[in-house]
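These features come from Swiss-Prot:
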- 21-427: topological domain 'Extracellular' (TOPO_DOM)
- N49: N-linked glycosylation site (CARBOHYD)
- N84: N-linked glycosylation site (CARBOHYD)
- N90: N-linked glycosylation site (CARBOHYD)
- N130: N-linked glycosylation site (CARBOHYD)
- N233: N-linked glycosylation site (CARBOHYD)
- N247: N-linked glycosylation site (CARBOHYD)
- N265: N-linked glycosylation site (CARBOHYD)
- N318: N-linked glycosylation site (CARBOHYD)
- N328: N-linked glycosylation site (CARBOHYD)
- N334: N-linked glycosylation site (CARBOHYD)
- N377: N-linked glycosylation site (CARBOHYD)
- S532: phosphoserine (MOD_RES)
- S547: phosphoserine (MOD_RES)
- 587-604: region 'CaM-binding' (REGION)
- S627: phosphoserine (MOD_RES)
- S640: phosphoserine (MOD_RES)
- S700: phosphoserine (MOD_RES)
- S701: phosphoserine (MOD_RES)
- 774-821: region 'Disordered' (REGION)
- S807: phosphoserine (MOD_RES)
Amino acid sequence: MRIVACLLLITALFSSYGYAAITTSSPLSIGVTLSSPGGSYELGFFSSNNSGNQYVGIWFKKVTPRVIVWVANREKPVSSTMANLTISSNGSLILLDSKKDLVWSSGGDPTSNKCRAELLDTGNLVVVDNVTGNYLWQSFEHLGDTMLPLTSLMYDIPNNKKRVLTSWKSETDPSPGEFVAEITPQVPSQGLIRKGSSPYWRSGPWAGTRFTGIPEMDASYVNPLGMVQDEVNGTGVFAFCVLRNFNLSYIKLTPEGSLRITRNNGTDWIKHFEGPLTSCDLYGRCGPFGLCVRSGTPMCQCLKGFEPKSDEEWRSGNWSRGCVRRTNLSCQGNSSVETQGKDRDVFYHVSNIKPPDSYELASFSNEEQCHQGCLRNCSCTAFSYVSGIGCLVWNQELLDTVKFIGGGETLSLRLAHSELTGRKRIKIITVATLSLSVCLILVLVACGCWRYRVKQNGSSLVSKDNVEGAWKSDLQSQDVSGLNFFEIHDLQTATNNFSVLNKLGQGGFGTVYKGKLQDGKEIAVKRLTSSSVQGTEEFMNEIKLISKLQHRNLLRLLGCCIDGEEKLLVYEYMVNKSLDIFIFDLKKKLEIDWATRFNIIQGIARGLLYLHRDSFLRVVHRDLKVSNILLDEKMNPKISDFGLARLFHGNQHQDSTGSVVGTLGYMSPEYAWTGTFSEKSDIYSFGVLMLEIITGKEISSFSYGKDNKNLLSYAWDSWSENGGVNLLDQDLDDSDSVNSVEAGRCVHIGLLCVQHQAIDRPNIKQVMSMLTSTTDLPKPTQPMFVLETSDEDSSLSHSQRSNDLSSVDENKSSEELNASS
């Protein structure tokens, strides 16, 4: 699956100087406006419908007619002609009327009384601490009816928080209307518009690059939207990203309940999307088990095997009660696959469908498993295997099912056997061809048996030998000198038949076991599971690549094995296992002092330098994280797990993919949201690694302060206040080996690496120079993810060891890893 130009690099939010700002001594009054530095947006007072009521709002500058994108006091307008927007004595942004009475406040609990308010070129109104430069409040976290590029909707179940859009009451009344747009917490999430407390329209589940209930989002659709969910921590973020053609654009929830994406082409506003589009799109239009056909007359039909619950109501056009099953299910799903009785339930496939509501995500890895899983579950009424999602199942009524003219998904509906086989006409056609088909099958079976016996007598396991011979020949032709080809029984013996006692760890691609060969050499065996997202081709490419990469800071591949369905990689064994065991364990972290940690940082950097610059192959790792750094007996680091790595050719500097793979928290913003990756993506991951090594804090779980800020925010605040010296792991504070200057410099370098804009990050050669010299370092910009408190967007910053993003169908725009290149 390939995403088309979706979600280009999110432009970082930044502070700007040298232009007017709102301060205690310089308030904004009626008739005066504040412009963003580039002149894209304007903040000021406006009157709606010439009513005399004044609102503080933000709009596109130099665009007519005026488009209001945010309103501060939408619930309480100012009726007088004298009002001021200013900074209060405690640092809040406040609106005062002519009597100095408080009309609106940004709220919060500011920690500084030395603040200013600025309008950024992104359209974000921010309150800035003059001392630290931190944002104390921002309008992007308090949306109205409009989303601008870089804004997001979110939910946070543990903290009972969510960010939504709320419509205006009318086109001229900014007060909250009756429609709310949000993302749902189910997995996968979907967009939902509510009218009051009732569902009004939904987008269908998110499938990685598109909403399944919006057929317009096909391969040609330029999609400015992106979503990341963290099922483990109960958070999700849906973002409106920056595209080349969407810089001047917005998403608006209208007073009528429509969600519109609109962009400006330089002369006119163009509607890019609108939903709901037809009456069929309204939620539950045809009731339970009803099917709303966009092109149908009447629009409502019953799904196959169902009939109207009330014929009279249905004929009169009242479809709300829906349909009921015509023939009861026999539900013999627990029978074996070979059992083919006349009463066995069957599935009827309906194409071009918007998946019904109340779906559940099942853990089956392919369509056949999804089919069989639903068949065995008597409560399963339907299933759909969706590209970009996987297996969706329904265990209750099918509601809000729509049939499109084109696009959509295939819904497999469970029916009684008689619903598909009770037609005499079908039986006649079947009987007419049955005899010929049986004869043909018998002939083919006889031929097959004869060939099988010949093969058995001539040479056993020829097909298996051919397969193994083919991949061995392929590898040998690629100049993989020194690579051993292991037999499966040797690896079974070495690992005690892959005993759980030998298990070292488990990831998205399979399980790693410790083993010992007959000569006493210890090894690590990565055994790919049958449901692994890494297929044979990717497995072969990984072998070809790693076998040609030789460096002291890269894990060495000793050999491989393919035996039937078994695919195994054999690596050198690292006695100290992975880095996370040391820096996050309360006892083992005492074994690595600052000198050792600094040596590990430098070793990882040297390994990256080899991958990015010094090797004859240019490789982007894409999954650099603490658990993928292994340690030998001398605590020297080795970069491991190249299952997601990509090879760059010639002057290629970046690539993009529709299937974002990697681990949240370590993924760069441009990669997590847009699928765009480069060497700078690895640099971002390296920066996160540095901060984890220095602090002993884990990106996935650490939070501090009343706002539950994440590790990047913690590092930024510490560096801003004292150069990051207090970031050192507290267990190292009393150690003589701690070099506070060196550690502070590493914090500085780490912050340079996690800057939001890829172009601002240093390359690995510059990082190595910074680590080995004392030259002055440039000032980093505040990381984007710092601007959201971690409890509100933890889905962007949490590493998911058991929930790594690893989509199987990755149609890459550049070549797969291929050592023959």
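Cβ coordinates come from backbone N, Cα and C, glycine included.
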Subject >> Rounded to the nearest Å - Cα separation of S627 (phosphoserine) and S640 (phosphoserine) >> reply: 9
**OP:** Report the member of N130, S640, S701 (the recorded positions) whose C-beta atom has the most other C-beta atoms within 10 angstroms.
**Re:** S640
**OP:** Within 10 Å of each Cβ, count the other Cβ atoms, then let me know which of the recorded positions N84, N90, N265, N318, S547 comes out lowest.
**Re:** N265
Subject >> From recorded positions N265, N377, S700, the one whose Cα lies nearest N318 (N-linked glycosylation site) >> reply: N377
**OP:** Sorry to bug you, but what's the C-alpha spacing from S640 (phosphoserine) to S547 (phosphoserine), rounded to the closest Å?
**Re:** 13
**OP:** Which residue among the recorded positions N49, N233, N377, S627, S700 has the fewest other Cβ atoms within 10 Å of its Cβ, if you could check?
**Re:** N49
Original post:
DSSP on S547 (phosphoserine), three-state: which is it?
Top reply: helix
Subject >> Which same-chain residues, if any, lie at least 6 apart from N328 (N-linked glycosylation site) yet have Cβ under 8 Å of it >> reply: A416
Original post:
Under DSSP, the region 'CaM-binding' (587-604) has how many residues in helix, strand and coil?
Top reply: 15 helix, 0 strand, 3 coil
**OP:** Could you find out if DSSP has S627 (phosphoserine) as helix, strand or coil?
**Re:** helix
**OP:** Return the member of N49, N84, N130, S640 nearest to N90 (N-linked glycosylation site) in space, with distance defined Cα to Cα and candidates limited to these recorded positions.
**Re:** N130
Subject >> Distance from N49 (N-linked glycosylation site) back to N377 (N-linked glycosylation site), taken between C-alpha atoms, in Å >> reply: 59
Subject >> N84 (N-linked glycosylation site) versus N265 (N-linked glycosylation site) - Cα distance in angstrom >> reply: 35
Subject >> For the region 'CaM-binding' (587-604), the mean pLDDT of the predicted model >> reply: 92
Original post:
Taking only the recorded positions N49, N84, N233, S640, S701, which one has a CA atom nearest to the CA atom of N130 (N-linked glycosylation site)?
Top reply: N84
Subject >> Using Cα positions only, nearest of the recorded positions to S700 (phosphoserine) (N49, N84, N233, S640) >> reply: N233
